[in-house]
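Peer 1: Here it is: the structure, laid out below.
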Amino acid sequence: MPKVGIIYNDIKPVAGRVAIELKDKLTTAGWDVSITSSIGGILGYSNPESPVCHTPIDGLTPPGFDSEMKFAIVLGGDGTVLAASRQVAPCGIPILAINTGHMGFLTETYLNQLPQAIDQAIAGEYEIEERAMLTVKVLRGESVLWEALCLNEMVLHREPLTSMCHFEIAVGRHAPVDIAADGVIVSTPTGSTAYSLSAGGPVVTPGVPALQLVPICPHSLASRALVFPDTEPVNIYPVNIPRLVMVVDGNGGCYIFPEDRVYLERSPYSVKFIRLQPPEFFRILREKLGWGLPHIAKPTSVELP
């Protein structure tokens, strides 16, 4: 009996309703269906009294989800896709993402096209697009305090009502650099259209084997986004602030103290997205972000009073 998974956003009633209907339909068609919510992929939130809420990377995989599963259907928006990616990437399960959210930059199709999408996926009429992920670790000495998979970005920033931060950052074997800013972002190509883009980073197409380091509100005109090979690991040391906040994929994270360091490297895992038509990144940029659209015609003269 073939296996399929369903991961849905349990905050959205429509996603939960469709998930139950889809489970019944696929079970009747002879599939072994495992269903879970994306809450299992949400990283624990810490607090000053308990600064680290640690779940091992392979500890997020839901019951019934394994490498024998043909694919997993994700019902939600981009946040649901990010959470689901952490749940299934260690098992290599492909994701068919159905948008029930807002922008749906990472999703493949919309809810009104669900029946056709399921039929096409069951028939195997699709391509797989792999997206690189990061492994993020918080180390104190050689002990791992916290770790997570990251599809978009890791953000390290100051708390409200605190002063500017200094970060000592070492990329690969290169000499460390000091960056003064409100925070720093380390982003994958997938994350280059998210927080990194808003902070002034470039758009990087998904197939480029690169990472980028983007300062947030830097205190220097010379501190600009840096793109470098994803074979280079990154170590970040806080210098002058008693406590920093780290957030992964806008989802959760932990506090970072002066005795800690944040270590990032390209993960051995990747997210496998089911594409029902050949992936066209520039089309998505146009449709979702308005990139490259023609300028609106403007009048050549203005009549003043």
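Every residue gets a Cβ built from N, Cα and C, even glycine.
As listed in Swiss-Prot for this protein:
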- Asp78: active site, proton acceptor (ACT_SITE)
- Asp78, Gly79, Asn152, Glu153, Asp182, Thr193, Ala194, Tyr195, Ser196, Leu197, Ser198, Asn251: NAD(+) binding site (BINDING)
Peer 1: Around Ala194 (NAD(+) binding site), how many other C-beta atoms are within 10 angstroms of its C-beta?
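Peer 2: Other Cβ atoms found within 10 Å: 22.
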Peer 1: 10 Å Cβ neighbour count around Asp78 (active site, proton acceptor)?
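Peer 2: The answer is 22 other Cβ atoms.
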Peer 1: Which residues does Asp182 (NAD(+) binding site) neighbour through Cβ under 8 Å, counting only same-chain ones at least six apart?
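Peer 2: Set apart from Asp182 (NAD(+) binding site) by at least 6 residues yet with Cβ under 8 Å, we have His157, Arg158, Met164, Cys165, Ile216, Cys217.
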Peer 1: Starting from each candidate's C-beta and looking 10 angstroms out, tell me which of the binding-site residues Ser196, Ser198 has the most other C-beta atoms.
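Peer 2: Answer by Cβ density within 10 Å: Ser196.
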Peer 1: Sort out the sequence-distant neighbours of Asn152 (NAD(+) binding site) for me: same chain, 6+ apart, CB within less than 8 Å of its CB, listed by position.
Peer 2: Leu82, Ser187, Thr188, Thr190, Gly191, Ala194, Tyr195, Asp249, Gly250
Peer 1: Roughly how many Å separate the Cα of Ser196 (NAD(+) binding site) from that of the residue listed as 'active site, proton acceptor', to the nearest whole number?
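Peer 2: Cα to Cα, Ser196 (NAD(+) binding site) and the residue listed as 'active site, proton acceptor' are separated by 16 Å.
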Peer 1: Cα-Cα, whole number of Å: Ser198 (NAD(+) binding site) versus Asp78 (active site, proton acceptor)?
Peer 2: 17
